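Notes follow the structure.
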Amino acid sequence: MKKTGISSRLKKLLLCSPLLFLLTGCSDKYILLNPAGPVAQTEHRLILLSAILVAIVVIPVIVLLVFIVIRYRERPGNQAPYQPNWTDSKILEVIWWGIPILIVAILGFATVRDTFALTRPPSEQKPITIQVVSLDWKWLFLYPDSNIATVNYCEIPTGVPVQFVLTADAPMNSFWVPQLGGQEYTMPGMEMRLWLQADREGVFEGRGANFTGKGFAHMNFQVVAKPQSEFASWVKKVKGSAPSLTQEKYDLLAKPSVVNKQSYSSYPPALYQNTVNKNGGIYWHHPMPMNEPHQMPMEN
Amino acid sequence: MLKSLISYLQNANLMIQISAVAIILTLVGIVFALTYFKKWGWLWREWITTVDHKKIGIMYLVCALLMFFRGGVDALLMRTQLAFPNLHFLNAQHYDEIFTTHGTIMILFMAMPFIFAMFNLVVPLQIGARDVAFPFLNAVSFWLFFFGAMLFNLSFVLGGSPDAGWVGYPPLSELPYSPGPGVNYYVLGIQISGIGSIATGINFIVTILKMRAPGMTLMRMPLFTWSVLASCIVIIFAFPALTVALALLGMDRIFGTHFFTMLHGGNPMMYINLFWVWGHPEVYIVILPAYGIFSEVVSTFCRKYIFGYKSMVVSLMMISIISYFVWVHHFFTMGAGPGVNSFFAVASMAVGIPTGVKVFNWLFTMFRGRIRITLPMLWTLAFIPCFAVGGATGIMLAVAPADYQFHNSYFLIAHFHQVLIGGVVYGLLAGMYFWWPKILGFKLNETLGKWAFWFFNLGFYVCFMPQYALGFMGMTRRVYTYPAESGWGTLNFVSTIGAFMMGIGFLFIVAQILYSIRHGERDTTGDPWDGRTLEWSLPSPVPHYNFAQIPVVDDMDAWWKMKQQQKEGIQPQKEPLKPIHMPSPSSLPFFMGLAFFICGFGLVFNQFTIATIGLIGVVICMLWRSLEKDTGYYISVEEIKKNEAAVRGL
């Protein structure tokens, strides 16, 4: 039957298509393949490395399968050898235990190296800190250095490492800005840390990645990266013109709803710590080690 | 409670009201048909009270196919909603309920009963046993599964479906964020069927270790039986973690405790760990038997011994052990330190090594064989490339820093559907086609089966390949809609087309079964595929006592060897004919399941009187069983001889 031969080839083409997406990195729509900072860059490099390494096994498997099915198909007059009792070969077994072990060793090495690297600031510049609170169903950003706050967008200076300190005042969500780097969960009562950095100007789409109920699909935000000087003048503008976020306004904001972008010139200084504490952070009576990245209170 | 249920139905949307009416009409129809055709006695004697592993297997299979249908309809509803941006086919609440039930049903009420069907239908026959070690317990397992599944499905029409995702993470699944009975249904439905699953795991481990035919040493055991052993070992170590997680979540919701809340010292991370301590091994519980099925199918349809038998056994056992050391890869992004993430990343990649070895061994079983492309073989051939790609994307996800980008995205969705459909579903379908004639006495129609195969298999690629790409575009899972500017529209539309192709494929399978019941090719030989293992030495369908005489085994692929020897005039060894001891049928497993159901239903609605009544019922059933003096019955030698002459056409 010819049908199988052709359709297997067709299948092979289809199978390779995700790899093609990876290797060409084509259009702007594939934001994971269009990193805008060192963290996303490292992750992007690992994605490519892993894709190439797994292809070393996947492609021969598919080629072999097609070859074997065509050659050893039962049909009258098939001259191919038939050895029903041939059941093992030391050399072959060594090959296919050995190659995957080698691949895992290489990939494992790169993974461990980068896993540790990504918990450190991505560059030597003096970092800034932004506290992030995920709410039902919006994102609140607090700037402890300048005491301004924003909702559903934040601005960051380019070329500067940004430490996002994440928590939630709602079911846990996940903070993800694909072009700047991978995500980290926001959990009520806990603090998580994520280093990101933008190397070029731009508006980068971010989203809540973990399901939190009805309004979850609308939990998008934007990260605006601009040069240090423009960033400073933006802070000044917000400080001068925006209303302030009082506790009452926060309580209203924390209620389930979907809202537009907002800016605030100030917020109650204890707002962030109170939010962590009231959701259970109070049970982790440990000082937060600010300079040790990725240290969760839980682990102390 | 009744009032709140009635008001729920009055306020529910049209779709649910129509379903409620349809369910009532179907029930009335079934009752009417059973009465009209005078089948109540038959149903009770032959099925409900049976402890025969073959009949229990058939009941599991029927339930699995029905649940496959329901889970599939859920999938099509979701794909329809996502076909275009900003669609209002479903609202957020409905979409949330549907993806929750889709996931829960497909894993726990489709894949699990489907593998249990295969365990029950095949294992005792393959090892030369007359039943499982504990036939009564086996029936209890089935009825617990059945009533657990019923309780879960009831949520759709009575009170509202769970909507916190199939993983049910607190705090979202706790009372403040998920009030109402939905999540209670989830907790109790899974809990009840989960107890049955643990019992099945114990039952089959004992059966395989203690009840093999004389001469069948472990290293002569068919690979499917090996895979069931590996899977059951994983079940008995993994399922208790789920039982604990759900029990504590249930107590939080029903009795107001604070195990997983954020307040009063609770900690949701504990739930997430416990859930995945079960959840990851769970995917190996369902995939390992599929590996076993592929091994049997490849060997049979290439007329060749399996290549690298020892390697196959070693890799099965390695997978069942390593599968315990990978669970954190489901939450690399929840703040574990780099040391923990590194360990679980490398362990997750390492699980790919024995799996890769298995793929090569299957390929080299075909190499220098003679490949007969029948339906079971067709699904096996489709499995290999599909699973190779699914496994490859799995390795990519195991790279912890890369997972920071893939986590919760459609890349992940495409990956696990590819391994669960391309691995588990293809495997179980291959197994169903393979053993169907053995159990039911007729083959399933090839032509309709090929239509089903091509629609389902091509539909799979059309549905899921675009989802990998959507992952790279940053599309997250569980969004009920997306804006047009996202640029996700085209690929989502293509994906939806693929889903409907798979739906058509499933309908062809249904048509194939219905057609073949009347017109399928009857199997009169008992060995329609030129099989290799002991089940093919029996007539089809298999008599209730399985083996008139227990065969004596002296090599792998025992039946193949016996056939070769018979050609040379050597008759196979068998134990002498003597009376066969059989377990008596019992209605207790059914009532015990029913009592669990009543207890669960009471707890769902915080009606403690009903729950207590159910619990007392459970205790009474257990006492009754403990004090029962029935030790089974014997089939006489004359009766066996008469029956064997009839079924073997002598």
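Cβ atoms here come from the backbone N, Cα and C positions, even for glycine.
TrEMBL labels come from automatic prediction, so no person has curated them.
Per TrEMBL, the feature transmembrane segment maps to B:14-37 (among others). With a cut-off of 8 Å between Cβ atoms, the residues of this chain six or more beyond the transmembrane segment (B:14-37) that come close are 43, 156-157.
Marked as domain 'Cytochrome oxidase subunit I profile' by TrEMBL: B:36-554.
Sequence annotations record features per position, and here TrEMBL assigns transmembrane segment to B:58-78 (among others).
The annotation transmembrane segment is assigned in TrEMBL to B:98-123 (among others).
For B:135-158 (among others), the entry in TrEMBL reads transmembrane segment. Note on the transmembrane segment (B:135-158): residues 5, 8-9, 16, 19-20, 23, 50-53, 56, 59-60, 63, 67, 70, 101, 104-105, 109, 112-113, 116, 120, 181-182, 185-186, 188-197, 199-200, 202-203, 583, 586, 588-590, 592-594, 596-597, 600-601, 604, 625 of its chain, located 6 or more positions outside it, place their CB under 8 angstroms from a CB of the stretch.
Under the heading transmembrane segment, TrEMBL lists B:185-211 (among others).
Residues annotated as transmembrane segment in TrEMBL: B:223-250 (among others). Remote same-chain residues near the transmembrane segment (B:223-250) are listed as 115, 118-119, 122-123, 126-127, 168, 170, 173-174, 183-184, 187-188, 190-191, 194-195, 197-198, 200-202, 204-205, 208-209, 257, 259-260, 270-271, 274-275, 277-279, 281-282, 284-286, 288-293, 295-296, 299, 306, 309, 312-313, 316-317, 319-320, 323-324, 533, 603 (criterion: CB distance under 8 Å, separation of at least six residues from the stretch ends).
Residues annotated as transmembrane segment in TrEMBL: B:270-294 (among others).
Residues annotated as transmembrane segment in TrEMBL: B:306-327 (among others).
Under the heading transmembrane segment, TrEMBL lists B:412-436 (among others). Counting only same-chain residues 6+ beyond the ends of the transmembrane segment (B:412-436), those with a CB under 8 A from a CB of the stretch are 61, 64, 106-107, 111, 114-115, 118, 121-122, 283, 286-287, 289-291, 293-294, 296-297, 300, 374-377, 379-380, 382-383, 386-387, 389-391, 393-394, 397, 406, 442-444, 449, 460, 464-465, 467-468, 470-471, 477, 509, 529, 535.
Marked as transmembrane segment by TrEMBL: B:448-470 (among others).
Residues annotated as transmembrane segment in TrEMBL: B:490-515 (among others).
TrEMBL lists B:587-604 (among others) with the feature transmembrane segment.
Using a Cβ-Cβ cut-off under 8 Å and counting only residues 6 or more beyond its ends in the same chain, the transmembrane segment (B:58-78) has close neighbours at 47, 89-90, 95, 98-99, 101-102, 105-106, 109-111, 113-114, 116-117, 120-121, 142, 145-146, 149, 153, 428, 432, 439-440, 499-500, 502-503, 506, 510. Within its own chain, the transmembrane segment (B:490-515) is flanked in space by residues 65, 68-69, 72, 75-76, 79-80, 82-85, 429, 444-445, 448-449, 451-464, 466-467, 469-470, 473, 482, which lie at least six positions past its ends and keep a Cβ under 8 Å from the stretch. Of the two recorded stretches, the transmembrane segment (B:306-327) does not lie close to the transmembrane segment (B:587-604), with fewer than three CB pairs under 8 Å once pairs fewer than 6 apart in sequence are set aside. Proximity of distant same-chain residues to the transmembrane segment (B:98-123), defined by a Cβ-Cβ separation under 8 Å and at least 6 residues beyond the stretch ends, is recorded for 53-54, 56-58, 60-61, 63-64, 67-68, 70-71, 74-75, 77-78, 90, 129, 132, 138, 141-142, 145, 148-149, 152-153, 155-156, 161-167, 186, 189-190, 193-194, 197, 200, 204, 207-208, 224-225, 228, 231, 282, 285-286, 289-290, 293, 420, 424-425, 428, 431-432, 435, 438-439, 478, 535. Mean predicted confidence for the domain 'Cytochrome oxidase subunit I profile' (B:36-554): the pLDDT average there is 95.
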